[in-house]
Amino acid sequence: MNIADGRQAFPAPAKLNLDLRITGRREDGYHNIESIFCLIDLQDTVYLKPRDDGKIILHNPVGGIPQEADLSYRAASLLQKYARNLAGVEIWLDKKIPTGAGLGGGSSDAATVLLVLNRWWQCGLTQWQLIDLGAALGADVPFFIFGKNAFASGIGEKLIGMDIPKQWYVIVKPPVHVSTAKIFTYEGLTRDSASSIMPTFQNLQPFRNDMQAVVFKEYPEVWKAYSELSKYGSAMMTGSGACIFAAFQARNSAYNIYRQVSGLYEAYLAEGLSKHPLLSV
C-alpha cells in the first residue's frame, strides 16, 4: 500500500506456539526446542521508505529502546552488506502486537524488514540464507521468514511446514512482563522433553508448554489469566508468556468468549493464517 510521503506499508503478523517443548540445553547457552508455530492475523505494520545514501533510520523505536538495539534496525544493518548499491532505508513501526507477550512482534517486524529489503536492495539472498541471517537476530525470526505454519526444532531455525486446521483464537494479556531470560535460567524448568518421531498436528496432541508451570509460579498474574480463560476452553501460554490463548473452531464461539474476557484483560480475537501475508504480495 502506497501512502503520500513515499512510504510503503508491509504486514508483520504475530504467532502462537500451539505446542512448545524444551528438549535440551546447548553448549552455547541456548535451548533446543520443538514447537508448533502458527501465524495469526493480529499484526504490526512496518512502513519502509528507501534511501540512496546508505543511512538506516528508525523513526519510532519501541518503548525507549535505542535505535541500534531494535530488531528491525539490526535486521536492516545485517542485510546492508549484501546490497548492490549504497542502500539505505527509513523505518516506521505501527505496533498492534503487544510487547513481552510471547507473540513474536519484534521478531516479525525484523523478518518483514529482511524480506522486503532483500528485494529492494537486490541482495539476491535465498529464503534459507535469510533464515540463517534471521537466526542471528532471534530464535523466532526464522519462522516468520519461512512464512508458513511450521514444526520448529533446534533453537527454532529448523522448520518443516505443517498443516494446521482453521481456528480462531482468543488471546489475553495479563498486566505483567515476563523475562524470557529468567525463565530459561530457572533451575526447575523442564529441559528433557522427548523429541518427536513423527511431528504432526494430530500426533503431538495433547499440546503443552514446558515453560508454563515455571511462569505460573513466578508470575501469579499469568496464572490468574490462565484460570480465567480456562473457564471457556482449553487454555495455554504462548512462548515464554505472558499471553494466554484458547482455540475455537467457530468465529462466533471465539467472539462470545472474547467479549467475556475483554472486560477483565487486554484481549484479542485472531484468526489463524496458513501463510505470511507477504507471500501473497
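The backbone N, Cα and C atoms fix where each Cβ goes, and this holds for glycine too.
Since the structure is predicted, the reported quantities are computational estimates derived from the model, not experimental observations.
Swiss-Prot lists Lys15 (among others) with the feature active site. A C-beta separation below 8 Å, combined with a sequence spacing of at least six in one chain, links Lys15 (active site) to Phe37, Cys38, Leu39, Ile40, Leu103, Gly104, Ser108, Asp140, Phe143, Phe144, Thr238.
Swiss-Prot lists Asp140 (among others) with the feature active site, giving sequence analysis as the kind of evidence.
Look at Swiss-Prot and you will find Pro98, Thr99, Gly100, Ala101, Gly102, Leu103, Gly104, Gly105, Gly106, Ser107, Ser108 tagged as ATP binding site.
Sequence-distant contacts (6 or more apart, same chain, Cβ under 8 Å) of Gly106 (ATP binding site) comprise Val62, Asp70, Leu71, Ser72, Thr99, Gly138. Highlighted in sequence order, Ala14, Ile97, Gly239 have their Cβ within 8 Å of the centre of the Cβ atoms of Pro98, Thr99, Gly100, Ala101, Gly102, Leu103, Gly104, Gly105, Gly106, Ser107, Ser108, the residues recorded for ATP, and are not part of that set.
All chains included, 28 other C-beta atoms sit within 10 angstroms of the C-beta of Ser108 (ATP binding site).
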